[in-house]
Amino acid sequence: MRTVKLVVPNPPGGGTDLVARIVAERLSALWGHTAIVENKPGGGGNIGAQSVARAKPDGYTLFAGYGGVMTVNQYLYKNLGFDPAKDLRPITLSASAAYVVAVHPGVPAKSLSELVALVKASPGKFSWASTAVGTQDHIGGELLQYVTGMKMTHVPYKGGAEGLLDVVAGRIPVNYVTIPTSIAQVQQGGLRALAVTGAERSALLPEVPTVAEAGAPGAENLTWFGLWAPAGTPDAIVKQISEDVRKVLAPADAREQLSKGGFSPQPMTPDEFGAFVLKEREKYGRIVGSLGLEKQ
Amino acid sequence: MDLINNLLLGFSVSLTAANLLYALIGCVVGTLVGVLPGVGALATIAMLLPITYGMAPASGLIMLAGIYYGAQYGGSISAILVNLPGETSSVVTTIDGHQMAKRGRAGAALAISALGSFFAGTVATLAIAAFAGPMSNFAFHFGPAENFALMTVGLVGAVVISSGALSKAVAMVILGLLLGLVGTDINTGTSRFASAFPELTEGFSVVAVAVGLFGLPEIISNLERGNLPERILVPFRSLWPSRTEMRRMVAPMVRGTAIGSLLGMLPGGGAALASFASYACEKKVSRYAPEMGKGAVEGLAGPESANNAAAQTSFIPLLTLGIPSNAVMALMMGAMILHSIQPSPLIITKEPALFWGLITSMWVGNLILVVLNLPLIGIWVMFLKVPYKYLFGAILVFCSIGVYSVSSSVFDIYVMVFFGLVGYVLLKLDCEPAPLLLGFVLGPMMEENFRRSLLISGGDYGVFVGSAISIVLLAVAVILAVIVAVPAIRGIRQEAFQEE
């Protein structure tokens with residue numbers, strides 16, 4: 001029997017790869033034949049997406065990508081090599097993870113609104129650490145500033161952990177990073193968490209309010225992972241895979257495996273997922289537009 | 001003694017039959033993937049990560065850690081035997097290691113590498129056990145400005161490690177810096193020199209560049225001689241280091257271990273710099289420095305100890321701060337989180353058996369590697385008896401597999417071929433590729449840290465001399481530069497006088 005390929009647009013390691021491997025492993029068990037992860041990194045995720053967009057639409061080649069490729073990249077790149085709205089059809093969301101807005105404990109702000117007031121009172125004094133310009137982390141942080149009206153200098157890092165070190169050391173006051181990356185420092189007091197960016201509180205940090213609760217509704221930002229098929233894939237196949245992913249992510253041990261990595265499983269029907277992607281695309285389009293980044 | 005009790009607790013975990021077996025599996029798998037250029041610990045650990053979910057936490061971590069340092073040792077084998085560095089850290093190993101092999105000392109070189117690694121692993125493990133807590137703060141003192149200063153020292157060091165003309169070494173470093181610019185700038189999202197190839201959005205693959213620059217030119221120049229050599233190396237006399245070689249390896253090994261242990265704790269560039277720093281250090285302090293580059297024991301023993309020590313101490317920021325210092329450590333953190341273990345200072349008290357089990361298993365793993373590899377040296381060296389006409393084809397195939405496997409990219413194979421041709425031209429011009437590679441690796445990190453320092457300071461250049469660490473490091477860079485430049489300038493003037 002033929003192998004099903006889940007194309008991941010990142011190198012091995014990292015959230016997208018991990019979630020795809022968990023899904024592939026469990027789909028293999030359900031189907032009784034192999035589903036494998038194939039890493040096709042590069043081009044900010046576009047290369048992997050493009051290869052699936054051009055694959056035979058028979059359900060044997062799927063795109064296991066993350067939100068940014070399908071929602072943000074079209075605002076950052078002149079030539080994606082594929083059309084995110086037309087060339088790939090949504091199957092299901094698999095999992096998502098929220099970010100945490102945190103400060104160095106020396107910063108006097110005890111809540112998000114106090115931080116906003118503090119930043120507004122001393123313009124040009126505050127900086128925040130996050131990942132490279134154009135990433136989901138950076139755009140989420142810009143969204144937070146857009147919603148709250150505070151303005152800080154962005155200090156970009158290759159990875160979230162590297163920036164975390166400079167925040168804990170007290171060189172940068174504010175941090176915008178995923179929950180799994182920062183949770184150790186939050187728990188031991190190296191960072192003070194002010195808000196999480198999910199619609200609901202995180203099971204890993206139950207005492208930290210959501211951005212909406214902290215007075216910044218609309219600043220929600222998730223890093224999320226989903227599955228897509230090439231455009232011409234028959235409805236029946238797309239529907240079947242969507243149901244199967246829901247099935248394999250339902251058992252308690254699957255939820256536990258994901259939640260330990262900071263992810264919560266969130267399977268959707270193809271229609272729900274399509275609508276979700278569209279909404280995300282509009283939301284980030286507004287923010288990227290307001291940043292005035294030039295398309296590359 | 002707390003330390004002894006802790007270590008005993010640790011050994012009670014790491015010496016169980018199951019965990020010994022997992023350490024063995026990890027070390028064997030690691031050595032094998034390390035021997036193949038490019039197929040590194042990172043990809044292997046990422047693929048095996050979901051499997052460890054079904055294992056006991058300590059067993060899973062012990063196996064993954066075994067892969068990590070097994071790969072360090074495996075990488076040295078191909079660097080010594082066929083001049084193929086699989087990772088940045090084994091680039092330096094090719095310089096004197098491969099020269100030793102060419103002189104018929106392949107067995108001795110492999111043994112020195114194994115013994116140096118074992119010594120470094122033992123010391124670094126003890127250091128982690130005794131000082132992990134206090135040492136963790138070391139990383140905090142290195143902000144962007146300090147990192148920038150450290151990398152400046154690294155760049156000057158890149159000139160020091162070269163044994164040829166100064167002007168050529170400087171040119172190579174600059175060429176490396178320029179190549180490092182290719183890709184997306186993280187500060188603005190601007191794509192540099194990559195618009196023609198979307199594959200270059202993240203820059204050139206380090207592995208493709210390293211394998212291309214070091215491995216391929218060797219093959220081309222061998223083939224160019226027309227009648228193929230029967231085999232690459234002169235027949236070897238003995239598999240073991242001679243008494244003189246053993247004596248000469250001691251001091252470099254100790255210095256390399258110290259340098260590696262310190263640099264390994266720094267996030268980002270530290271571990272990559274360790275082997276280069278040790279080589280540069282030997283070049284300046286060793287009595288045998290003039291022999292370096294021609295197969296000197298010092299040029300092998302120092303860097304090999306340094307990279308293994310750094311591999312061990314790079315666990316410190318992860319275990320004590322919950323902050324991974326490199327991509328492999330980020331995966332180890334992922335593995336811990338999958339088992340509901342949050343890496344932080346608390347794990348020492350919350351999960352003492354796991355913490356000390358993992359630490360002692362590092363030593364056990366290093367012991368397994370030595371026991372495993374010393375007898376295997378004979379077999380590895382036999383491999384060189386294969387006639388070259390068969391061997392070079394196999395090397396090319398494995399290079400391609402390795403480079404491809406890093407990120408499943410066919411484009412990276414073309415990059416390797418391109419840099420193979422570049423390397424061949426450099427070989428003809430008598431330019432050394434090691435400074436180029438160091439410039440290539442350090443360049444982007446230097447730029448990031450430079451701009452980051454200024455972003456944080458609000459544009460104030462004073463930030464670069466704002467701490468004692470930066471000042472000392474920059475002073476070291478200046479002094480090194482002067483030491484390197486003065487004899488060269490004097491040399492030019494002498495030549496000028498002679499011409500008059």
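Counting begins at 1 with the first residue displayed.
Cβ atoms are placed via backbone N, Cα and C, with glycine included.
Annotation comment: TrEMBL describes B:20-438 as domain 'DUF112'.
Per TrEMBL, transmembrane segment is recorded for B:106-132 (among others). Residues 3, 6-7, 10, 69, 72-73, 76-77, 80-81, 93, 97, 100, 233, 236, 238-242, 245, 249, 252-253, 256-257, 260-261, 264, 297, 300-302, 304-306, 308-309, 312-313, 315-316, 319-320, 348, 356, 359-360, 362-363, 365-367, 369-370, 373-374, 377-378, 380-381, 384 of the same chain, all 6+ positions outside the transmembrane segment (B:106-132), place their C-beta atoms under 8 angstroms from a C-beta of that stretch.
Using a Cβ-Cβ cut-off under 8 Å and counting only residues 6 or more beyond its ends in the same chain, the transmembrane segment (B:153-183) has close neighbours at 92, 95, 191-194, 200-204, 209, 269, 273, 276-277, 279-280, 283-284, 292-294, 426, 429-444, 446-447, 473, 476-477, 480-481, 484-485, 488. Per TrEMBL, transmembrane segment is recorded for B:153-183 (among others).
For the transmembrane segment (B:203-223), the residues of the chain that approach it from at least six positions outside its boundaries are 37-38, 40, 82-88, 91, 94, 179-180, 182-184, 194, 229, 232, 388, 392, 395-396, 399, 402-403, 406-407, 409, 412-413, 415-424, 426-427, 433, 436-437, 440-441, 444, judged by C-beta separation under 8 angstroms. What TrEMBL lists as transmembrane segment is B:203-223 (among others).
Per TrEMBL, transmembrane segment is recorded for B:256-280 (among others).
Marked as transmembrane segment by TrEMBL: B:315-341 (among others).
According to TrEMBL, the transmembrane segment annotation covers B:353-382 (among others).
According to TrEMBL, the transmembrane segment annotation covers B:388-406 (among others).
Taken from TrEMBL, the feature transmembrane segment covers B:461-486 (among others). Within its own chain, the transmembrane segment (B:461-486) has Cβ neighbours under 8 Å at 141-143, 145-146, 148-150, 152-153, 155-157, 159-160, 166, 284, 453-454, counting only residues six or more beyond its boundaries.
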